[in-house]
Amino acid sequence: MATEEHSVPETKDVYPLLPLRGLLVFPGMVLHFDVGRPKSVRALEQAVANDHLIVLASQEDGQVDDPSADDLYGIGTLARVKQMLKLPNGTIRVLVEGLKRAVLRAFVSEDDLFTVRVETYDEPEDVVVTPAIEAMRRSVTQQFEQYVRLSRKLDLDTYATVVDMSHPGQFADAVASHLPLKVREKQDILEAFDIEKRLERLLQILSDEREVLELERKIHQRVRKQMERTQKEYYLREQMKAIQRELGDKEGRQAEVDELREKLAAKRMPDDVRDRVEKEIARLERIPPASAEGTVVRNYIDWLLALPWLEAAKSTADIARAERILNEEHYGLDKVKERILEFIAVQALTDKQAGPIICLAGPPGVGKTSLARSIAKSLKRPFVRVSLGGVRDEAEIRGHRRTYIGSMPGRILQGMRQASVVNPVFLLDEIDKMASDFRGDPASAMLEVLDPEQNRAFSDHYIEIPYDLSNVLFITTANNVYQIPAPLRDRMEVIQLSGYTEIEKLHIAREHLLPKQRTAHALKGDRIRISDDVLLEVIRHYTREAGVRQLDRQLAAVCRKVARAVAAGDAKRVTVTSGVLQSYLGPHKYEFGEMETEDQVGVVAGLAWTEMGGDLLLVEVSIVPGSGKLVLTGQLGDVMKESAQTALSYVRSRTRALRLPPDFHEKVDIHIHVPEGAIPKDGPSAGITMATALVSALTHVRVRHDVAMTGEITLRGRVLPIGGLKEKSLAAHRAGIRTIVIPKGNVKDLDEVPDLVKSEVEFVPVSHMDEVLRLALVDNPLDHAGGSLADEPWWADVWSDSRFGGGEAHQ
Ligand code: ADP
């Protein structure tokens with residue numbers, strides 16, 4: 001027991017004792033409480049029967065109902081019972097006044113009631129107020145004041161009375177009794193007999209208490225602020241709605257914003273995208289309805305909501321089904337179909353785009369787009385097509401920043417929006433027709449699209465949030481693979497489609513194009529009849545192409561006319577004869593076979609490869625008196641010009657064998673004309689054609705009109721292989737040519753040439769220019785060593801002197 005024996009006076013007495021629960025009464029304190037326990041009631045009764053004095057001692061544990069002497073603190077308060085009131089429920093309400101501290105020395109009785117012998121302690125009257133005591137008193141006053149202000153639990157009067165107490169000990173007790181302290185803490189103060197110690201302890205408790213209060217206040221403030229803000233926002237929103245209503249904009253922005261929020265809630269998207277949309281909607285909400293900025297923000301939100309972020313098509317790759325679809329929708333193309341099926345098989349094994357990207361290459365109308373469509377159908381994925389033809393600006397791929405008015409995402413994300421799933425089959429059409437200029441390089445943007453390493457996070461300037469393209473199956477098409485920028489081409493696996501023979505076109509027309517056009521024009525049953533001969537007439541005289549696009553269009557025109565006749569009631573059904581055909585489509589547009597009808601001097605049928613397929617290329621050479629100029633006209637690329645030079649050099653190297661004057665090239669001007677150009681890179685393959693035309697013109701020997709040729713030439717007349725043999729032979733066959741001179745090195749390519757063409761055309765492989773001349777010219781000038789040629793060239797007299805070894809002609 002922390003008693004300070006020295007200051008306890010020698011007054012000893014015995015009093016009844018009342019145990020207190022959760023309560024402590026300080027000397028000088030008046031308060032009331034209820035008493036119910038029988039032992040306590042008895043103690044009270046005894047006190048009242050004597051001198052009204054009673055000892056109040058707190059229980060260490062308030063939970064104990066029937067405390068023993070050991071459950072009580074050893075120091076209590078001697079108090080006077082001032083009033084007692086029996087309540088209806090049997091308990092007694094008492095009013096007591098604490099008098100002085102009392103040290104419990106011994107329990108006299110414990111059973112019926114507690115009586116106890118105590119030593120009471122009077123507070124010394126004249127305390128020496130040391131500076132330490134005064135300092136602490138001030139401190140306590142200050143802290144107590146703050147406590148009163150913060151807690152607002154005490155009224156100011158009480159505060160004033162407490163602070164006015166002059167006795168520092170009583171002051172400390174009063175302060176302690178007004179604080180909401182635990183019994184343990186109050187007991188601490190009660191046990192401090194020494195005033196200095198009592199103040200010190202109180203100070204300690206007060207400052208702890210104040211910290212707690214401070215913290216409480218802060219928490220409270222924060223909570224209130226938060227609530228205020230929510231309320232304020234709610235209030236402002238309501239106000240805004242009211243203003244909008246006033247302005248007659250009832251539906252206005254709010255309705256728009258509500259609708260967008262609904263859409264957002266229903267849309268599946270990654271969290272970062274959702275956050276972004278939420279932010280933009282909040283922004284939109286604040287923008288006045290008529291402002292241009294509102295439109296920009298609204299468009300952006302629409303785009304983010306419209307793009308597929310997580311939606312995917314349930315894709316399957318069933319090879320048997322794919323094969324059936326490809327065969328149903330396309331005639332022929334066996335090798336191409338085979339390659340495509342292999343490709344689909346690989347797709348079946350992996351989810352993502354596996355391996356290189358397919359590039360379907362070939363002339364227009366050979367079915368590239370429709371093959372891609374079939375691939376999509378086989379994989380059960382949506383199909384989107386974006387044309388890259390003429391794209392020069394990187395922004396067309398990647399979009400414009402939103403700062404531009406009317407800016408939009410690039411074509412890739414436009415395609416994705418159209419697809420509305422993340423895994424469509426995406427056709428990038430005419431990737432070879434992309435050009436780059438000062439506005440940036442679209443090819444490098446395409447590289448990012450097609451690169452599986454990079455397309456996981458494709459960046460579009462408009463959308464700004466990285467977009468995942470890695471589930472897309474990209475397919476590209478090109479007319480000319482060599483014009484695809486090299487880094488892009490490296491990523492592609494080229495599947496070449498070449499063009500169709502007449503027979504193939506006939507099949508395609510009969511089995512695919514015509515049925516489609518019939519349905520499109522609602523020509524059921526046998527409303528339209530058209531024989532193979534007439535179909536062939538369409539193919540031969542109304543189209544000139546490697547593919548079947550014009551053919552499709554002409555058939556559509558025929559169906560249109562028939563539909564009109566049927567609808568007008570002119571006929572129930574129409575049999576399209578050759579006459580009817582000409583009345584529908586006009587006179588023949590193309591003469592079948594472009595080959596010359598007669599053998600001519602200086603005109604040779606070459607064969608060219610173009611983006612439109614193979615083509616017949618008539619090379620003309622004319623010789624006029626002059627001074628040795630070589631003139632080239634027509635669509636000649638630089639490469640073609642070099643070929644012309646090489647051909648001329650070969651002819652000069654054969655001057656003697658051809659019995660030309662040694663200086664012939666100085667006396668004549670040579671004019672070479674190539675009417676329709678092959679692509680510049682294809683120039684070399686006209687080498688032997690130009691050489692043949694040159695020799696024919698110089699020697700005035702005619703060229704066989706039914707022979708066509710293709711081959712590169714060296715200075716010494718060797719014939720080198722060329723590309724595109726299949727297309728070239730198709731074109732020659734179409735033109736009615738029956739003999740084609742080809743380089744020996746190309747014999748292996750004959751495998752690819754359709755059997756029909758091989759059966760009707762003779763392919764003659766050559767390795768030297770001399771062989772070409774022997775085959776192509778009606779009379780081989782090389783065989784006439786010493787003799788004379790059939791016809792003298794009209795300009796022969798120009799050099800006749802030198803030709804026959806002297807004399808001066810035309811002085
Ligand atoms: P491309 O994309 O190569 O320019 P398209 O795919 O647009 O050509 O083809 C033009 C038309 O010709 C389409 O209607 C297509 O179905 C049809 N077509 C092309 N090749 C074939 C074929 N082998 N079998 C059936 N139809 C074909």
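Glycine residues also receive a Cβ, built from the backbone N, Cα and C atoms like all the rest.
Curation plays no part in TrEMBL annotations; they are all automatic predictions.
Pulled from TrEMBL, these are the features on record:
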type	residues	note
ACT_SITE	SER685	active site
ACT_SITE	LYS728	active site
BINDING	GLY362, PRO363, PRO364, GLY365, VAL366, GLY367, LYS368, THR369	ATP binding site
COILED	196-233	coiled coil
DOMAIN	15-210	domain 'Lon N-terminal'
DOMAIN	598-779	domain 'Lon proteolytic'
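Everything TrEMBL records as a feature, shown here on the structure.
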| residue | record | CB count, 10 Å |
| --- | --- | --- |
| GLY362 | ATP binding site | 26 |
| PRO363 | ATP binding site | 24 |
| PRO364 | ATP binding site | 19 |
| GLY365 | ATP binding site | 22 |
| VAL366 | ATP binding site | 27 |
| GLY367 | ATP binding site | 24 |
| LYS368 | ATP binding site | 26 |
| THR369 | ATP binding site | 18 |
| SER685 | active site | 31 |
| LYS728 | active site | 33 |
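Counting same-chain residues at least six beyond the ends of the coiled coil (196-233), those with a Cβ under 8 angstroms from any Cβ of the stretch are 130, 132-133, 136-137, 139-140, 143-144, 146-147, 150-151, 168-169, 172-173, 175-176, 179, 181, 185, 188-189. Checked against ligand 1, the binding-site residues PRO363, PRO364, GLY365, VAL366, GLY367 give PRO364, GLY365, VAL366, GLY367 in sequence order as having a Cβ less than 6 Å away from one of its atoms.
Geometry remark: LYS728 (active site) versus PRO364 (ATP binding site), CA distance 16 Å. The Cα of SER685 (active site) lies closest to that of VAL366, out of the binding-site residues VAL366, GLY367, THR369. Apart from GLY362, PRO363, PRO364, GLY365, VAL366, GLY367, LYS368, THR369, the residues listed for ATP, the same chain places the Cβ atoms of LEU360, THR477, LEU497, ALA546, GLY547, ARG549 within 8 Å of the centroid of those Cβ atoms. In the three-state DSSP assignment, the secondary structure recorded for GLY365 (ATP binding site) is coil. Per-residue confidence over the coiled coil (196-233) averages out at a pLDDT of 85.
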